[in-house]
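For reference, the structure discussed in these notes is given below.
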Amino acid sequence: MYWLKPEPVYLLDHNISLSLSLSLSLSLSNPRYIRAGAKRVQSAAIVAAIATLVVVTGILVLLIYKKRKSLKEVVIIKTMAAKNNTYKSNVTGCKMDYTPEAPVVTDEWELDPDKLKFSTPLGQGAFGKVVTGYYDQRKVAIKVVKDSAPLSYKEDLLAELNLMKRIGCHPNIVSMVGACTQREPIALVMEYVPYGNLNNFLRKCRMEGEVRAKNGVSEINYSIMDKNGQIENGIITAIDILSFARQVSMAMEYMAENKYVHRDLAARNVLLDCGKVVKVCDFGLSRDIYKDNQYQKLTNGKLPIKWMAIESLRDRLFTTHSDVWSFGILLWEIVTMGASPYPSIALADLYHVLCSGYRMEKTSNCSNELYQIMLLCWAEEPKMRPSFTQLRHMLEELLSRDRNYLDLDNINVPLVNSENSSPPQSFDSFADFAPPLPKHRLTEMTAEASSEEVSTECLIRQA
């Protein structure tokens, strides 16, 4: 058989036929059939090519759109590693992967690392540190994780970075300036708050300040170094102390309304700014930054045992309700001017003592009204605790009255643990001081992991 060209037209023998794939044969006896068939094949090929081009173009446009959208919202991790590590952040449903390769942040928070200058250390551990520094002549606080740190430490810093982006601005929350993530070490850059954490400030006032009574109200004179390195003298009153608590409640009210859980609310994680303004900081359980006995190990992490609610000790879950419990402990810290909670109880006994109904006693300098607020925060049933909005209203009510609810003198709780308290102990897991989780609880925790609030409440209802 011969291939035929469209022009000129050749006539075939009437006996020649083409066998089709469907076992049909067509006798070609007329040259018009040849020209028509060739045109149909040409048209079909053109239509098929155009359709394929349209489909491929549409798919490419969709993929490019999705990629650009995702780059604006998340931290993209460059990875060559075979094994991925997943970190579940405080934000419900938010996951972040981190590998030893440096991550790349493609949003507006990324800072030029060449403009970031490190200065004086504020706190340091084996794998991380917080230092003062400057970015474009602005004084900032910088949190970094060392190159030698385990992967989990870098995951936590990235999770905190991502969370601070989402939290936004509030006058009583430390603001994020930006981050340097394109090369090691990864750095979280925050606003600099000059007077340090509230716990150290209160302890300094109690130990070094001069207490005096003025118009029946106690006050303390103090001296502190300002952001320029100059000694600043000031006065702290009982009203100021209650104002600190109110400001923290306002910050936590904002976080609760936006569905964020702090997990580590304590006086050491509240910073004192100019004008007696306090700001909540440290979002995510800090590891190794604060080297003291307030944290105990859970696998490769540390947890603030003394500030944790009963259900957090028992179920390993943190909610706004457990943040309220921690606020009650913070209020006790403020009232005692920096004392350590549960000074006479060993950490190994704390969970069982709390389950038996024990709560810290009212201190000698605290009014009944203020102590009742603490007790409300320490209700065993999480849903029976007040909200942060209610706590703010309670504190504002006390501040509005012409009454002294707090004495800055006559504090009967020592700043250090008493000689009768057990020495700090190191635990490898919760099993050393709390009962192990039953299998049905582990199943529920996995099934309900997308909603921390629901998870804990479900477990409590079924306890």
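Using the three backbone atoms N, Cα and C, a Cβ is placed for every residue, glycine included.
Feature annotations, reproduced from TrEMBL:
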TRANSMEM  41-65  transmembrane segment
DOMAIN    116-399  domain 'Protein kinase'
BINDING   GLY123, GLN124, GLY125, ALA126, PHE127, GLY128, LYS129, VAL130, LYS143, ARG268  ATP binding site
BINDING   ASN269, ASP282  Mg(2+) binding site
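Shown here: features listed in TrEMBL, placed on the structure.
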residue : record              : DSSP class
GLY123  : ATP binding site    : strand
LYS129  : ATP binding site    : strand
LYS143  : ATP binding site    : strand
ASN269  : Mg(2+) binding site : helix
ASP282  : Mg(2+) binding site : coil
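For LYS143 (ATP binding site), the number of other Cβ atoms no farther than 10 Å from its own Cβ, over all displayed protein chains, is 24. Counting only same-chain residues at least 6 apart in sequence, those with a Cβ under 8 Å from the Cβ of ASP282 (Mg(2+) binding site) are GLU160, ASP264, ASN269. Taking the Cβ of LYS129 (ATP binding site) as centre and 10 Å as the limit, one finds 19 other Cβ atoms among all the protein chains shown.
Taking each Cβ in turn and tallying the other Cβ atoms within 10 Å, the top scorer among the binding-site residues GLY123, GLY125, PHE127, ASN269 is ASN269.
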